[in-house]
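See structure below.
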Amino acid sequence: MNDASKKSLSEKVAVSETAAGAILTVDLGAIRENYRRLKARLGGVGCAGVVKADGYGLGGPQVAAALAAEGCDIFFVAHLVEGVLLRQVLGSRPAIYVLNGIQPGAESEAVEAELGAVINSVGQLAAWRAAAQRAGRTLKAAIQVDSGMSRLGMAAAEVEAVAADPQAFDGIDVTFVMSHLARADEPKHPANEQQRLEFERLRRMLPKAPASLANSSGIFLGQPFHYDLARPGAALYGINPMPAEENPMLPVVRLQAKVIQTRSLDRGAGVGYGHIFHVTEPLAAATISLGYADGWHRRAASAAWFENVPLPFLGRVSMDSIVLNISALPPDRLKAGDLVELIGPSQTVDQAAGHAGTIGYEILTSLGHRFHRRYVTGAM
Ligand SMILES: *Cc1c(COP(=O)(O)O)cnc(C)c1O
């Protein structure tokens, strides 16, 4: 792996730890441990790694290399460009599938990078068949069926149509038949079993191939949902796959921002854009070098933490900065350059998401491009 290929999409310019306004630490050892935990839960069933969106914002190449070191040899990305990058990093051996399918006309680019297509429609199937003919060899594809999410995959009528066409799969090596669950994080919801039964019905019409249904949360729905291959993403990155229960995964991410300056604020002072906060009694404030351009939602009402002390946000989140109330700390305890924590032992990704009115997936994939990124194994 050379330096250029190791750079994630979000790391086009590396910023030093000294120069950076914020530091993102990714524990690749924790990702590997999470992969092992999911594998253990799956028994002998295969476990792919979903590394779309630049490895959920954490660095697709780094994450994929860590998973490959655990023996993961099937990867899913969402876009062709992510697959091309991953192929450069992982070499020729692992299978890489493009979940959104190949955009019309881009089939030869996918063939060149040895990417497998996820076939979501009759149109994508025909285009892949034509690509196989042009390439003069069989091409790998996972056939996705819509078992009830109404998002991607062939609808029942399309499955019936291709099932009736003896030439439909000419030149195509169907490596998986797959579908995706809409409500896997609600284990008691009947939609899960309904989708599973519909998946069963649809896959019986297609060429016999290994089956794949479960994402992270789907793995925790139990053995009937496991089939031949699970496709976890979120749980690998420490997001709780079972929101109603204690998180069975290890945390993976730590995000710390630097204090730019501190000040005392007198009664009556207005803070930040729109002065949505007015000081009612004198307080100490610190401005940190992280804002909504770094993925911290403008609407977030949360806190940063310093040595287990929560430091609430004051006023609006700006593009590049946030003002904190640091009155709970001893005077002059916090100085320019000190780090406060936004994600880490004091505040999990899921908790941070809760304060921002969103989910951990969006927090991670929103993480900005201006951080100094540290990749570690243990000891965040
Ligand atoms: C994103 C995605 C996954 C991974 O889902 P997680 O909830 O992150 O585990 C699996 N399959 C498909 C089709 C996806 O789009």
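Don't overthink the numbers, they just go from 1 along the chain as shown.
The backbone N, Cα and C atoms fix where each Cβ goes, and this holds for glycine too.
A TrEMBL annotation is a machine prediction, not a hand-curated record.
Feature list (source: TrEMBL):
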type     : residues   : note
ACT_SITE : K52        : active site, proton acceptor
MOD_RES  : K52        : N6-(pyridoxal phosphate)lysine
BINDING  : R151, M319 : substrate binding site
DOMAIN   : 252-376    : domain 'Alanine racemase C-terminal'
ACT_SITE : Y273       : active site, proton acceptor
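Projection of TrEMBL feature records onto the structure.
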residue: K52; record: active site, proton acceptor; CB count, 10 Å: 20
residue: R151; record: substrate binding site; CB count, 10 Å: 10
residue: Y273; record: active site, proton acceptor; CB count, 10 Å: 12
residue: M319; record: substrate binding site; CB count, 10 Å: 10
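Comparing R151 (substrate binding site) with Y273 (active site, proton acceptor), their Cα atoms are 39 Å apart once rounded.
Annotation note: Y273 (active site, proton acceptor) sits in a helical segment as assigned by DSSP.
Between M319 (substrate binding site) and Y273 (active site, proton acceptor), the C-alpha separation comes to 10 Å.
Helix, strand and coil residue tallies for the domain 'Alanine racemase C-terminal' (252-376), in that order: 20 helix, 49 strand, 56 coil [DSSP].
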